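Have a look at the structure below, then the notes.
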Amino acid sequence: MMKAIAHLALLALLALLFVNSGPINPCENNTCEDGSSCVALNSTSFCLCSEGYYYKQSTCLKGKVFPGYVVLQLNKTTDLESKTSQAYEDLHEIITKFFGDVFNQSDFGQTVILKVSVFPSRLGRSDIRADLQGNVSVVNIFAQNTSKTEESVKKTITDAIDKGGATIKGFTSQNRCDYYGCNRTGGECADGLLCDCKIGLERPNPQVSFCLPVSQKCPENCNAKNNMQCLMDKDGQALDCVCLSGFRKNNETCEKCPFGYSGVDCKDSFELILTIVGTITGIIIISLLIALIFSARSKNKKKNIEEQNLIENDFQDIRLEQTGFSNLGTGTIFPKIRIAASKDSEPQNPYTKNPYASQSHMPRPDY
């Protein structure tokens, strides 16, 4: 009986351990202070302050941001969109360690990853296993009184990459005004709260540094009936009324592309090139057909002349055979008459030619 109770207790303990053995939350014992948020990764976490601030020594400090993009070779590409995946945690460790080593100075605050994009590597296209590259949007935050500039930060990063040995293969800096969505007015847009938003963007409230797209409506005349459509501009921040494909703008209206042109703003001349090539090809084909017809007719005409000559020669031979004349070598159809008598024969009297004729019936001359 005691053994049965012991077995049941052991099973209950195992079941309890199984239930409580779920995924560990790194932010369960949140130690982030000064209003910062705890960001959980797979097995670790970090503290994140509001935009423009960095977390250091349990405090959120106002900083100066330097946004940009890094390119790095990836071995694991699955679950990179999930911050709690092991792949994302490894990526976060690689990037933060790289910038921590590069900017190992007192004025460096923190590196924050904003977005991760994956695309095929150019180097891997010819390989059996195509490697992938990651394009990661990051922002490096320094102390507010730092003397570093956008150019100096970029140079420090590129020099470290050029030395080799790092997983990061490239870096592109981003203009701070573009990062906040502000106009480039000659300043550095050091404070996103003070810069002027671009057209079509606005801050949801004065405490937000970023200028975000506002709700917009297309003009009433921007429709398919007028050969127009509304699209986001190349910056993806504002709506723009443009002509449909196959039309181009002319005095605020969209007119059909001229002959041979198509595409957006009639920039595609493929139809024109195709028409010209087709016309030239057609002319060449027609010329070849005409030449072939004349050549065939010339051969047929020559053949008919030869057949006519053969027919005429055969007809002349037939006529000569019917008349008893076949000697064409003399140049006349009439034969020549011999006037010279044979030496071996005497002239014969036609009246004595018949041996059966009786001489008694032969007439005699009257003289």
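Backbone N, Cα and C define each Cβ position, glycine as well.
Annotated in TrEMBL:
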type	residues	note
SIGNAL	1-21	signal peptide
DOMAIN	23-59	domain 'EGF-like'
TRANSMEM	272-294	transmembrane segment
REGION	340-367	region 'Disordered'
COMPBIAS	347-361	compositional bias 'Polar residues'
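Note on the domain 'EGF-like' (23-59): DSSP counts are 0 helix, 13 strand, 24 coil.
The predicted model assigns the domain 'EGF-like' (23-59) a mean pLDDT of 88.
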